[in-house]
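Visitor: Pasting in a structure now, in structure tokens, and then I'll have a few things to ask.
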């Protein structure tokens, strides 16, 4: 592997479960493990990687679609786990984590940067209905990748932290009209549409217009709802809005889809 940059795969992204894999020459990391341990193992196998080689799992927040398999993997393979203090408390009070050895539990506070081997990782807060949700920007040499889903909006503060990355996983959770006319209870619709909910297709595109820069080469659409979105619609909305903003979509950078049950190719950035 080249010493410059790092490799990544979006193992799964969607309302049913989320997990992101990243490796450098020194570290192999997951962000979230929101599917069963068996499924995570299968997804890693798609990119010829094994869970026993993982050094750590970084956790964004305590919702089940982000932590479902964390405890199982930690008990079986012994990797370190990182989350902020409030998220740890919420996870330990949930039914998903189970017993994890105290030596594996580590604090990664919001708004801090930690070094894992040869990569720096910055945490930043988002606006979501969890106790203290945080996402991450990965930085090595002059390369960076941003994870930004599970937020009701992107504030100026957040946009400043994540601007001009080489790659993004950005939320495109729902189409507003499909959600409004769908079968969800009104209270759930309000929650998704609120500032503590999820970014719509249009919101995700607007966020990218504000944050991408001349370094940006890849934008992945993530956390699509099975019930309230259509992959082709999400993709078209992003591409069309970026094109209308004259931002070089398809030339300077490309837009990619993700899947809730199939890993994206292991990609070097």
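Glycine is treated like the rest: Cβ placed from N, Cα and C.
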Visitor: Name the residue, out of 141, 142, 150, 156, that Swiss-Prot lists for the same divalent metal cation 2 site as 65, 66, please.
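Guide: It is 150, as the record lists it for that site.
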Visitor: Tell me which residues of the chain lie with their Cβ under 8 angstroms from that of residue 63 (divalent metal cation 1 binding site), as long as they are six or more apart in sequence?
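Guide: Within the chain, residue 63 (divalent metal cation 1 binding site) has Cβ neighbours under 8 Å at 34, 130, 150.
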Visitor: State which of the following binding-site residues has the fewest other Cβ atoms within 10 Å around its Cβ: 65, 150.
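Guide: Checked 65, 150; of these binding-site residues, fewest Cβ neighbours within 10 Å: 65.
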Visitor: Sort out the sequence-distant neighbours of residue 61 (divalent metal cation 1 binding site) for me: same chain, 6+ apart, CB within less than 8 Å of its CB, listed by position.
Guide: 87, 90, 128, 130, 131, 132, 133, 134, 150
Visitor: Below 8 Å Cβ to Cβ and six or more residues apart, same chain only. Which residues does that give for residue 66 (divalent metal cation 2 binding site)?
Guide: 18, 32, 33, 34, 59, 60, 150
